[in-house]
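Report on one structure; see the data block that follows.
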Amino acid sequence: MRGFRFWGLVPAWGLMVATLMVPLVIVALVSVAERGAYGGFAWAFTLEPYKEILFSEDWDGNLVFDPKYLAIIGRTLALAAATTAICMALALPVAYVIATRTPRMKAALIYLVTLPFWVSMIVRVYAWLIILGNDGVVGRAWAALGGEGTLLFTSGAMLVGMVYSYIPLMVLPVFAAIEKLDPALLEAGADLYASRWTTARRVILPLTWPGLAAGAILVFVPALGTVLEPMLLGGGKQMMMGTLIQSQFGGARNWPFGAAVALVLMAMVVLVLIANARRAMRKEARA
Amino acid sequence: MSTQHDVRHYPGAGLVTWAFFLWLYAPIAVVIWFSFNENRLVSVWSGFSTKWYAAALENDALLGALRTSLTVAVTATVVATLVALSAAMVLTRHADLKFRRLSETVVNLPLLLPEIVIAVASLILFSQIGFTNGLARLIVAHSAFCTPFAFLPIRARLAGMSADYEEAAQDLYAAPFTAFRRVTFPLILPGVFAGAMLAFVISMDDFITSNMLNTGGTTTLPVYIFSLIKKGTTPELNAISTLLILASLIIATLALAISARAMRRG
């Protein structure tokens with residue numbers, strides 16, 4: 001069996017090196033390459049693609065500061081943060097109610113939370129396209145209430161789609177944290193004349209915090225790279241980093257610039273993951 | 001104890017939860033409901049009809065996309081499950097292994113990195129090395145991101161199973177592979193099955209990678225659905241979506257039920 005210790009892991013390492021690590025190195029190389037004349041790229045070393053994120057050329061060929069891509073990065077961060085915050089606010093009461101049911105009911109409700117996650121992302125986003133559209137249930141209610149224009153193609157529509165896509169990833173860890181909570185602590189709170197809400201704030205929330213933090217990572221990271229919500233619900237005008245990257249390999253065809261934006265997105269994700277790993281390590285050291 | 005005096009009861013939380021589940025399933029219900037709409041306009045109801053399902057089943061482009069999706073998903077599932085099984089065997093049975101945590105992170109790497117970045121990276125690599133076979137490109141990429149979904153249930157099952165059985169088999173002079181085939185594998189089969197089904201669903205449902213690597217001849221079902229959405233929403237699109245929803249829900253439910261049952265027994 002000794003040989004298997006090595007050979008058993010070779011397929012997994014081989015697959016991930018070939019399909020993730022090597023490609024990422026090449027993306028890094030392309031992000032400092034020159035733009036090809038007919039799409040694609042030519043090997044070189046230039047920081048031009050990164051400069052393009054911040055600057056653009058004016059009529060005289062001078063580089064001037066241009067915040068249009070910075071705005072996209074800002075929108076990406078803002079929407080991912082808002083998605084995470086809304087998911088937290090929703091998951092707390094829902095996970096709490098689920099955790100206080102009978103074991104059978106708990107299992108059934110958790111199953112119901114997980115299930116939509118397995119439905120194709122494109123179908124889930126398409127569903128919101130129908131609902132929010134001018135003929136849709138919510139779209140018509142909006143018009144009847146005197147709302148102007150369409151609900152689609154706004155940041156709000158994207159936010160609804162993102163919360164809908166990622167909420168199961170928040171409910172599950174928060175539920176796991178609340179389930180571990182000792183009910184005696186809540187009774188102790190009540191015995192000491194704390195109101196329900198004081199107990200919620202001073203007892204439940206601090207003890208649920210690890211679950212919320214885990215959920216925040218699980219939601220925030222994929223939300224940063226989300227593509228379908230801005231593409232369909234944002235209507236292509238409200239770009240996010242995911243759609244910006246994608247567009248550089250489609251119609252606009254500036255591969256080095258697309259690779260540079262992809263690396264910036266990677267760096268943001270890695271920073272979040274490192275911060276999370278350090279937090280987990282500090283917690284382990286304390287325990 | 002009435003609910004007013006129950007310290008565990010929070011007024012309003014139950015209502016939020018009900019509203020939450022309604023909101024979670026309403027969009028899926030809307031898609032399914034309007035797939036039976038007789039009207040050409042998707043959200044203007046004018047009568048019950050199953051004609052869009054008949055139209056979908058006669059749509060050659062759709063059937064072609066379905067065939068591509070199934071080919072990719074079945075192959076990627078087999079590859080991902082074998083890779084995951086082999087890695088899980090090593091990682092759960094050798095606590096003293098060097099780079100154990102690192103290896104585990106590597107297996108789960110596709111879950112940590114943004115899919116769009118990986119998709120773009122694969123596109124650049126594949127076009128650089130002249131790897132142009134569309135179907136093979138999809139199979140390789142899908143195998144990678146399906147691996148963690150196959151790995152997690154298998155590892156959970158292996159971790160919940162005592163190593164005593166394998167040791168007993170080896171004490172009885174079973175060769176390592178015989179011990180695996182006759183003892184370990186039958187015991188972890190529910191985990192392997194659950195993992196394979198989850199990998200299959202993830203591959204069938206994928207849009208971002210399949211769209212990025214699409215060469216024209218290898219349109220998968222979600223990519224085809226996307227092209228229909230771009231052309232405008234129709235009840236036929238809802239009928240196709242409904243079929244995909246039902247397939248995903250049935251397979252995912254089976255997988256979750258099998259792994260839950262296996263956990264209870266273990």
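Note that Cβ sites are derived from N, Cα and C of the backbone, with glycine treated the same way.
Annotation source TrEMBL lists domain 'ABC transmembrane type-1' at A:73-276.
Sequence annotations record features per position, and here TrEMBL assigns transmembrane segment to A:12-33 (among others).
Taken from TrEMBL, the feature transmembrane segment applies to A:69-97 (among others).
Outside the transmembrane segment (A:109-131), and at least 6 residues removed from its termini, the chain residues within Cβ reach (under 8 Å) are 94, 98, 101, 137-139, 152, 157, 160-161, 164-165, 167-169, 171-172, 175, 228-229, 232-233. What TrEMBL records for A:109-131 (among others) is transmembrane segment.
Annotated transmembrane segment per TrEMBL: A:151-178 (among others), in sequence order.
Marked as transmembrane segment by TrEMBL: A:203-224 (among others).
Sequence annotations record features per position, and here TrEMBL assigns transmembrane segment to A:257-277 (among others).
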With the greatest number of Cβ pairs under 8 Å to the transmembrane segment (A:69-97), the stretch among A:12-33, A:151-178, A:203-224 is A:151-178
What same-chain residues lie close to the transmembrane segment (A:151-178): Cβ under 8 Å, and 6 or more beyond its ends? 75, 79-80, 82-84, 86-88, 90-92, 94-96, 98-99, 110, 113-114, 116-117, 121, 124-125, 128-129, 132-134, 138-139, 142, 204, 207-212, 214-216, 218-219, 222-223, 226, 228-230, 232-235, 237-238, 240
